[in-house]
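This report concerns only the one structure given below.
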Amino acid sequence: MFDVQREELLWGGRKLVLETGKVARQADGAVVASYGETTVLATVVSLKEPKPGIDFLPLTVNYQERAYAAGRIPGGYFKREGRPSEKETLVSRLIDRPIRPLFVEGWRNDTQVVVTVLSHDLENDPDIVSMVAASAALTLSGVPFMGPIGAARVGYVGNQYKLNPTIQEMEGSSLDLVVAGTEAAVLMVESEAKELPEDVMLGAVMFGHKHFQPVIEAIIRLAEKAAKEPRDFQPTDLSEVEKAVLEIGEADLREAYKKTVKQERYAAVDAVKAKVMAALAPEEGEAKFEPETVKAAFKEVQAKVVRWNILDTGSRIDGRDVRTVRPILSEVGVLPRAHGSALFTRGETQALVVATLGTGDDEQFIDALEGTYKETFLLHYNFPPYSVGETGRMGSPGRREIGHGKLAWRAVHPLLPAAHEFPYTIRVVSEITESNGSSSMATVCGSSLALMDAGVPLRRPVAGIAMGLILEGERFAVLSDILGDEDHLGDMDFKVAGTSEGVTSLQMDIKIAGITEEIMRVALDQAKDGRAHILGEMAKALTAARPELGEHAPRIETMQIPTDKIREVIGTGGKVIREIVEKTGAKIDIQDTGVIKIASSDAKAIKAAYNWIRSIVAEPEAGMIYDGTVVKTMEFGAFINFFGAKDGLVHISELAPQRVAKVTDVVKEGDKVKVKFLGQDERGKIRLSMKVVDQQTGEDITEKLKAEREADRNRERQARQSAGE
């Protein structure tokens, strides 16, 4: 029934298995891949006919995690998977980015890649094996895909690179880098680092590229046994159309790209396009070429004109040389009620970034395959259509917004203080108000400033820069702080974020082969210079965190109590903790470890709640005198509430210096008294005394009573002696 083909290899100390022919046989390509006990199914389906009226590759990648993969049932009311989680969106992008450049130019058939996590061993993250499985499925499918690709995760532990570290091993790593590419070239890098130098980052990229070569070889062996016949597809030859477009529009395009203002430049380019269309594909009359063909050729000519100009003259679209960063203006404290805010403007790219501090109640619960955990640092990126002078859809964030937000999150996250040092939930929101390239890096810069404005003690300011590359044969130009047009028309887009000490995040997307390690090294060194310049410009607004939190931010006080005292603070059914919250107005978060966070914008409320809790958990000292209240009387004594919520017994013999016949002769319920803590009996019961305390002054009269008893005994002794004489 099944024609199963299989490849196995030992990779990074664990077995990688690729299998096809048994599951999802109606898909164009399907591979079940296992790494350790993490298993995914990758499928590819591409329509037989192209999608009419489009000028882009209609590729969709969907990565989906199933709760059963980790032996869990989804939370929520419906108990089934719903909309994609942030991780599913991010991994979908991680798979998409290295495979998209490898489709043959001109492929317009709707293509969908679906990767489903079937099993998760909680050791091997499914993202790497998902990328490998998707690559294998595409290679088998027959679509014009110029792969395969390999992928690997690289950690950095004890100054040594580590291939595909487990989830547990990653906790001790100062680097989390994912790299993907073909046999000959790196195509994609995504990373977070703890201020590592550029040479370590580049070394990690090359280490990963070297060590995923066996995976590519295994996919090729599998394809030799199981690949489908390649689709019959011939890309459209645009050379004749391009020649015609160049003759009509080259001079005008060169003039259009001398305009430094984005909207003016776009208007000029549109005018050239209209002229070319009217000449080569008029709406009325005889057309020399198909309209769609002319549009595609015009895009190619646009790119060539810009690229030639940069390589020939060293001058860019907006007149800068290749190393110059656009003018920067940084402002902080721009919103009066926000906890921290910044407006970061770099050329025609602008981000309004706001930092908000919250309490434990504001932590985000993440329901992942590895289990539910809390996230205390949130960074959200919004890209409204007005930022590029357009109208468009508004609503929930798209994949691009989630991806850019996560990139900025990775850049800032390594600089945040530890939770025990700064026990706040932090949310940063970046509103992109203008965009002409590098808005994610503007978000990094604005986030750094907004956090410092809020009083968050970042270890150092962090900045980011987007770099580009133009490569033609042996000639190349690395571009600092790229514009949107340079991003689209260039061969490499990579973003570097970091501090004066090192890199915290590196994202790289390479569109062509031929980019060598040396070119990447030049680009990273140039990015370092650009980052240093940006940090200097940011320092004009703020150099470090403000010494105090923002005026409207909540204050949080932390305290540690013994874990066996947590029940006493909470009380039966939460009675005690509710009373503290209601009477002080403070927010209180109690953790299983005994850490208590008390939050309020009012310092007096924090102090009142702190003292209340301290009185509950503190132990009374033997020999000390405390105020108390009679809560119950019995024949043998009275129970006194003292020292917060503690109750102890004053035995009838300890009520008063004189003999007491009846407890109620001395005290009644509700009486305010002063008691001395004598300690605990062998059963742990608290023993108190009233008779050794002056009920008026609170003075300890133990010695006075001893002296009186001694005097009484002396008088009795003298009386006996006198009677005997």
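Each residue, glycine too, has its Cβ placed from N, Cα and C.
In Swiss-Prot this protein carries:
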BINDING   D487, D493  Mg(2+) binding site
COMPBIAS  701-719  compositional bias 'Basic and acidic residues'
DOMAIN    554-613  domain 'KH'
DOMAIN    623-691  domain 'S1 motif'
REGION    697-725  region 'Disordered'
Neighbour count (Cβ, 10 Å) for D487 (Mg(2+) binding site): 17
Taking all protein chains shown into account, the Cβ-based neighbour count within 10 Å for D493 (Mg(2+) binding site) is 21
List the helix, strand and coil residue totals of the region 'Disordered' (697-725) as derived from DSSP. 23 helix, 1 strand, 5 coil
For the domain 'S1 motif' (623-691), give the DSSP counts of helix residues, strand residues and coil residues. 6 helix, 35 strand, 28 coil
In DSSP terms, the domain 'KH' (554-613) comprises 32 helix, 16 strand, 12 coil
